[in-house]
Amino acid sequence: MAAPKVAVVGAGVIGLSTALCIVETQPSCSVTVLSDQFSPNTTSDVAAGMLIPHTYPGTPIPVQKQWFRETFTYLFAISNSAEASEAGVHLVSGWQVFKNTPKEELPFWSDIVLGFRPMSEAELQKFPQHRFGQAFMTLKCDCPPYLLWLEKRLKATGVQMCTRKVADLWELHREYNVVVNCTGIGAHQLVGDEKLFPVRGQVLKVHAPWVKNFIREGDGLTYIYPGIHKVTLGGTREKENWNLSPDPGITKGIFDRCCSLEPSLQGAQDIQVKVGLRPSRQCVRVHKEVLSQGGVKLPVVHNYGHGAGGFSIHMGTAKEAARLVEECIAALQGSSSRAKL
């Protein structure tokens, strides 16, 4: 068969990284990214981009750990390269603090981040409200620069970027051999996934260049994540809330909570408020299926439902989705050679 044509629907961090993995593993493919929104207007642009995994109850821990390890290894190499600044990828040290000692003192990812250890008594004195903490170094992606860097890499390999609203995956069957669905919360309507629900996140991006260390409460609700140009303050986790308008009361609550962890933030300036809908489900959906109408078949690979943990595992799930695309192409090539016989 001629060079297989693959459409990746969605241009957030999951769509772009999946397209990149497909190009790298299947260089004979023609890949097109289709999306009605590109950076800076995606959900991924709102994300803090910190590599601290979110746990998915429906996905086995060894699988989550492998996805995180692959992503960490990939980004660590970028952070040690001349591309680091343009890609917005950097190492950041800090603390995760708890009001009470957690049941699990060693999270599954503790041996992947760097230098993971319990906080000392002297460190804990900085957080008088908290009784236990963990110190470690991890990676952060500054989201708009990272997405633009991914786009640039894709364009350099010949990938087409097309602004297009896809209302039904089947509409692509005449143009593409395989379709990859990376539409995030859009999959709720696009493929009717009732297990997918939004978790509304409101964050503040502030100018506070003196803040160098991340601080995160163990429940993940209050966090301070320094980036290259801005510090992200969060946050909220509002299930089933589709509202994208900033709430001034929530903004004040986030700011006050973060100032109680890091009082110097009272001097933060240029406060911008961002809202995004995390595409959440019990387990990430990395899965292939074949749509069929009137004897015509369209292989589809799904890669969505990463919730609050998309950046932490994006490259791991992208590699898995690319393997599934490879299987779809092999099956198509097998059937086309059988047809010739």
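Yeah, the Cβs are placed from backbone N, Cα and C, and that goes for glycine too.
As annotated by TrEMBL, FAD binding site applies to T43, S44, V166, T183. Sequence annotations record features per position, and here TrEMBL assigns D-dopa binding site to Y223, R278. Residues annotated as domain 'FAD dependent oxidoreductase' in TrEMBL: 5-324. Look at TrEMBL and you will find 1-19 tagged as signal peptide.
Local packing around the Cβ, expressed as the count of other Cβ atoms within 10 angstroms, is greatest for T43 among the binding-site residues T43, V166. Applying an 8 A CB threshold to same-chain residues 6+ apart, the list for T183 (FAD binding site) reads V9, G10, G15, V166, L190, Y304. Annotation for R278 (D-dopa binding site): spatial neighbours T43, I185, P198, V199, R200, G201, R237, H306, G307, A308, G310, criterion Cβ-Cβ under 8 Å with sequence separation of six or more. Taken together, the residues of the domain 'FAD dependent oxidoreductase' (5-324) have an average pLDDT of 96. Residues near Y223 (D-dopa binding site) in space but far in sequence (CB under 8 A, at least 6 apart, same chain), listed by position: A48, M50, F214, I215, R216, E217, T232, L233, G234, G235, C258.
Within the same chain, the residues at least 6 positions away from S44 (FAD binding site) whose Cβ sits under 8 Å from its Cβ are G12, V13, I14, C143, L147, G310, F311, listed in sequence order.
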